[in-house]
Amino acid sequence: LITDPACHHQHIVMDAVHLQQITCVTLYLLFLVMMQPSLIFVMLLATLLTEGLAGTATTTITPKGPSKEESKKSAKLPPCAACRMLTDTFKKGLERTSRSKFEGGDAAWEEKKMGSYKTSEVRLVEIQENLCSEVDRAQKQCQGLAEDHERLLEEWWHEGQAESLHDWLCIGKLAVCCQAHYYGPDCVPCTGGAEKPCAGHGKCKGDGTRKGNGECQCDDGYNSTLCDSCATGYYESYRDATKLLCSKCYRACNGPCSGAGPKTCAACKDGWRMDTEFGCVDVDECHAMADACTGNQFCINSDGSFSCLRCDKSCDGCDGDGPDMCDNCANSFTYDQDKGMCID
Ligand SMILES: *[C@@H]1O[C@H](CO)[C@@H](O)[C@H](O)[C@H]1NC(C)=O
């Protein structure tokens, strides 16, 4: 308007435009103010209606919130795992479509037909149509990713598929994963080196992803930053320049030990005592403690412990199980000399 050659006086035109704008805004505001009560009413009604409907829907179909199946499908995986899920389902698609559809024809024709099908648009479409169909957990996320990265999947398909899809997409294009035994934003080697992280006895936090700190979470029995020493309660049963094997101390050991067997314990657990000749040996509580069991019970010793069991119902106190082990007979029972037990 301003540059319209028909306009001689720019400022007049400006004023006209201004005026027009002001009028328009005023009218719009006026419209809004007038419409507001009914607008609010309509919106309120709509909200109530949808909420009411949603409410009845959820109460009638799923009374206890989303079903297990549903929450499984809506689960969310971290970025690298999600990308792997996508490339895995794509791989499944490749497998699904790898068998010849032209079986039964003559070999040469089939070969030719299959050869062109292998890298064809038709096959890609078939794969893409069924992406995520077999995915159980986080299926919704899978479908979202498939949609978001449709272009990239096509690009990989048409660019000759030289690299594995996972490496190309998840490590390269999307940069959410790293090669195995590398971690973090810059994909640096895990603690202990990418060759054998955590000395082969632990998991590197963030292994294969752009996350984590690369620290080792040692397997049971291993300890230290590198998992290259034995944890308390374990001893080195084998060690050479490259290999370490830690084994559990004897079950009666309390804390560390210097090797296998009861004699190597630094200390014994409760219920065991240190014997100068045999190391940790069981304490027979039933004999060591006169009142190990009280009342109508008898004592059974076990390794490192003991238990109290109920006497026979004919007994009032006993030394073992059965009516022939009574100390005294219970009320309404009398001792039978011949049988050697309490009888009714
Ligand atoms: C591992 O080593 C640390 C430091 O030496 C120690 O505090 C911790 O108790 C050890 N853990 C086990 C299970 O041996």
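Just so you know, glycine gets a Cβ as well, placed from its N, Cα and C.
Bear in mind that TrEMBL entries carry predicted annotations, made automatically and left uncurated.
Cross-referencing C218, C230 with TrEMBL gives C218 as the cysteine bonded to C227, criterion being a recorded disulfide. In the three-state DSSP reading, C227 (disulfide bond) counts as coil. The Cβ of C227 (disulfide bond) has G192, C198, A199, G200, H201, G202, C216, C218, D219 as same-chain neighbours under 8 Å, each 6 or more residues away in sequence. Under DSSP, C218 (disulfide bond) is assigned to a strand (E or B) in the three-state scheme.
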